[in-house]
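Per TrEMBL, these features apply:
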DOMAIN    1-338  domain 'Major facilitator superfamily (MFS) profile'
TRANSMEM  7-27  transmembrane segment
TRANSMEM  33-63  transmembrane segment
TRANSMEM  70-91  transmembrane segment
TRANSMEM  103-123  transmembrane segment
TRANSMEM  144-170  transmembrane segment
TRANSMEM  176-199  transmembrane segment
TRANSMEM  211-233  transmembrane segment
TRANSMEM  239-265  transmembrane segment
TRANSMEM  277-301  transmembrane segment
TRANSMEM  313-334  transmembrane segment
Amino acid sequence: LTRIGAKFMFVAGMFVSGCVTILFGMLDKVPSGPMFIGLCFLVRAMDAAGFAAAMTASFSILAKAFPNNIATVLGSLEIFTGLGLVLGPPVGGFLYQSFGYKVPFITLGCVVLVLVPVNMCILPKYDSLPSKDSFWKLILLPKVLLLCLTIFSLSACLGFLDPTMSLFILKKFKLPAGYVGLVFLSLALSYSLSSPLLGLLSDKLPYLRKWLLVSGGLMTAVCFFMLGPAPVLHIDGQLWMFVLVLVLVGFSIGMSAIPVFPEVLHCAYESGFEEGLGLLGLVSGLFNAMWSLGAFAGPTLGGFLNEKLGFEWASAILGGWALLSGLAAGIFYITEATRR
């Protein structure tokens, strides 16, 4: 990032992602079988590289532009993450039903490509020197390792819901397929609406960040235990209770996820890392790497557990990761405060 520039990396990442999205719309012309599967993996991998470049650069640019309000800005932008999660499935479904397979991908890819010249004109260009600090020096800091566990567990919990929750809702509550998206809406809206407030709180009262992390992890664990609910509770799940728990999941994940970036940055400064775009690139790259790792592990392990044990036990086990990260962070911060 420091060698090619954050702005160039962001714009290039968007360009690659836009082109690959359009390319994905052409895959229906490929013969079915191993060739189709292989090309799907290849195109998705290219899309992931473009996405990683754009996201890593965007976090760095934001932290550089708003050094004193990082959590507030990131929290505010999560409104649009939530908006994308809310609008993506219904708009994509409408385009697919109305115009077929190609149109959703081509439309989205063209929108991303149109934004490339817009960002070339609007975004500032930041000059920076390559950082002398290494990625491994950052990730091996004990507190940063702990925060990586927090990011991973939250992402895994969210990722677990993608392949399993809709099947559970259809089976458990006998809802029509069209109403399943409305249930997902409760989580997305809760997360996107609470994120700016949590970001503002993190910036205005930085000493609360650590306790937001701990409380968010523990609250997420309780919510996932109640999502089924877990069979050991002997509670008959109701639709209203399921929706309420999803609202609390969105809020609790925001409590832990929003303060993580400024907390990792603060830890790096305390450990003697040089301020600048180089460090911001390391931190944003680490954050996105851990989030993506959780987004892979959650659906993979969660899907397996869901198949073998059912959604109730699978959600409780995934919630155990959040419980582990919350307890570990709590013990670490209490020990740190006692030592000081």
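Placement of Cβ uses the backbone N, Cα and C atoms for every residue, glycine included.
Over the domain 'Major facilitator superfamily (MFS) profile' (1-338), the average per-residue pLDDT in this prediction is 87. Residues 1-2, 6, 48, 52, 55-60, 63-64, 126, 128-133, 135, 138-139, 144, 148, 151-160, 162-164, 260-261, 264-265, 268, 318 of the same chain, all 6+ positions outside the transmembrane segment (277-301), place their C-beta atoms under 8 angstroms from a C-beta of that stretch. Between the transmembrane segment (144-170) and the transmembrane segment (313-334), the number of CB pairs under 8 angstroms, six or more residues apart, is three or more, so the stretches are in contact. Counted as Cβ pairs under 8 Å, contacts with the transmembrane segment (33-63) are highest for 70-91 among 70-91, 103-123, 211-233. By the count of Cβ pairs under 8 Å, the stretch nearest in packing to the transmembrane segment (103-123) among 7-27, 70-91, 176-199, 239-265, 313-334 is 7-27. The largest share of C-beta pairs under 8 angstroms with the transmembrane segment (176-199) comes from 70-91, of the ranges 7-27, 70-91, 211-233, 239-265, 313-334. Outside the transmembrane segment (313-334), and at least 6 residues removed from its termini, the chain residues within Cβ reach (under 8 Å) are 142-143, 146-147, 149-150, 152-154, 156-157, 160, 164, 210-211, 213-218, 220-225, 227-228, 230-231, 256, 298, 301-302, 305-306.
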